[in-house]
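Working notes, structure below.
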Amino acid sequence: KPGFKVSGKRSFSIDYKNNCFLKDGKPFQYISGSIHYSRIPQYYWKDRLLKMYMTGLNAVQVYVPWNFHEAVQGVHNFTGDRDLEHFLDLANQTGLLVILRPGPYICAEWEMGGLPAWLLQKPNIILRSADTDYLQAVNNWLAVLLSKMKRWLYVNGGNIITVQVENEYGSYFSCDYNYMRHLQTLFRFFLGEDAVLFTTDGNTDREMTCGTLQGLYATVDFGTDTNITEAFNRQRRFEPRGPLVNSEFYTGWLDHWGDQHAVVDTQKVSRVLGEMLTMGANVNMYMFEGGTNFGYWNGKVTLVTSYDYDAPLTEAGDPTEKLLAIRDVISQFREVPSGPLPPATPKFAYGFVTMKKVGNISDLLSTLSPLGPVKSKYPLTFEEMKQYYGYMLYRTMLPRDLSEPTPLISPLNGVHDRAYVSINGVFQGLLERDTALVMKVTGQQGDTVDILVENMGRVNFGSKINDYKGLLSNLILGKDILTDWKIYPLDIDGAIASGWPHSNSQKSVRSPQRNPPPGPTFYMATLQTNSLTWDTFLKLNEWTKGQVWINGVNLGRYWPARGPQQTLYIPGPLLSATQPNNITVLELEGAPAHLRVLFMDRPHAEGKLQVLKWDLSKQRLSTQPAPPVYEDKPTQKSHPTSLKPFSD
């Protein structure tokens, strides 16, 4: 680990008399951007931080997702892409201060708001409250995390200037001041009395009332459509003296499956940023780079894999016109580093690859569920089975002959989140949380009923973050309650990380069929990169919905049928220049007859492709339309700017 050079007495504090921060005794204004190390491969951390520094930022804001580091209770992982201290060191080397947001809850459109799903093993636990079980787990986690963070505080020679306690707590129903006091005590114990602790809340009286606490500096967050004066006046009502702070100034917005791609106007972002900086406010731009929800890390069911956020740096870390406009604004308030911005990382279109069928999930259980099923009269949840992410298969038999189409019903909306139903290996259709609670089936008594249930991401905001997964209640078939289940936990990621299906492809690949069968089915192929390992984007044209792995790494979910996201970002470091790159696809509903996937050199989100060209002489981006690769869905309109549209 790096050694810190401390010259003289370092200090960072709040000057309540002059309404500003003091850094080493001098007035200080931060201009910061949010970046999530958990959404960016470690290989690219330095590149992204340098681009932020060269834009003129003097700080970055960082969330720490608890579940990213403690997926299994008591087992902590701070290596590789989870090496938080390496990220802090890179920021320090780059010249960036850090605003740390260690939770324990972070929202962030991240799975369960960063809380580990194993907390839900306590069925009556009240998350984000003074609940004894919850606090015990929080105590254990923060003892590990904050002990690591203390040496990184600015006053101790590091680069962390402020630390947020909890996250937008005023938006949560419980409004439990005892919980916030407990956290305050913990943070002070581990970080010391000199650490600057703060809270962040939405721009409403209710949120500021429930989210703030004496001894924690109160800040506010808002976007481009907010009256700045009113917002900072609200902060002043809760914090009469001290610096003005917008902890989340929204440069863009998130995308939901089935919505149009969200955009926030660059001119609005520039204008409001300039107005806030003119007032002397400290501003953090959320996001500066959004990154990607790899694997199963997206938050609530509707959130897409890309967390591009229409941010100044794209999902792939490339500069945009928005970044250049922001840099122009910042240059009016502080000296921006001279020299060119680092260019976009190189991209390559590797072209078409044709997939081959491996088999449907029901035929692969010996590989995907090596320990076999758990037997239970009634369904068990993911949490009860201690499988927290991905997929599980529930198997039973038809209790009687069904000569006529008979309704299969989830009467209590108990399918969390999507159930793919097959009888004797033949796909029948699906049940979906909130939207499809009934379907019809036929069959004979004793036929095998397989229900593959997909966890599409736990709620990350609001009162319903106790988001259990699987079959939460009984399924009714006609007048019968389905019972006597065999429940198969599926370690799909483990099998693929170990080399399956490519390692035994000779025996697993079937002869191609003219029309691939519907229902949950695995496909595989390899990609030769011809010595190039550049970033690329995977487009699954006419595929329906599923999951993709490259060389054992889970890229996330695809759902082009619902959109708006049409391509998955593949960072170049995941690829091999010399070995065949293993591609594995789990298609849940139905693959196209052509079985092709396409590796492109640009993302595709709205039915329109665009080439971004970096003009180094002018430090400007030029754009030009790109010819379509092949016919796609109609162009979609842009989504209007909006403020946090979370409703559960």
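Cβ coordinates are placed from backbone N, Cα and C, and glycine is handled just like the others.
For the ranges 233-258, 623-648, the feature annotated in TrEMBL as region 'Disordered' maps to 623-648. Summarised by DSSP class, the composition of the domain 'Beta-galactosidase 1-like first all-beta' (379-491) is 4 helix, 56 strand, 53 coil. Rounded to a whole value, the Cα-Cα separation of E248 (active site, nucleophile) and E168 (active site, proton donor) is 11 Å.
Listed in sequence order, C107, T200, D201, G202, E207, G211, D221 are the same-chain residues six or more apart from E168 (active site, proton donor) with CB atoms under 8 A from its CB.
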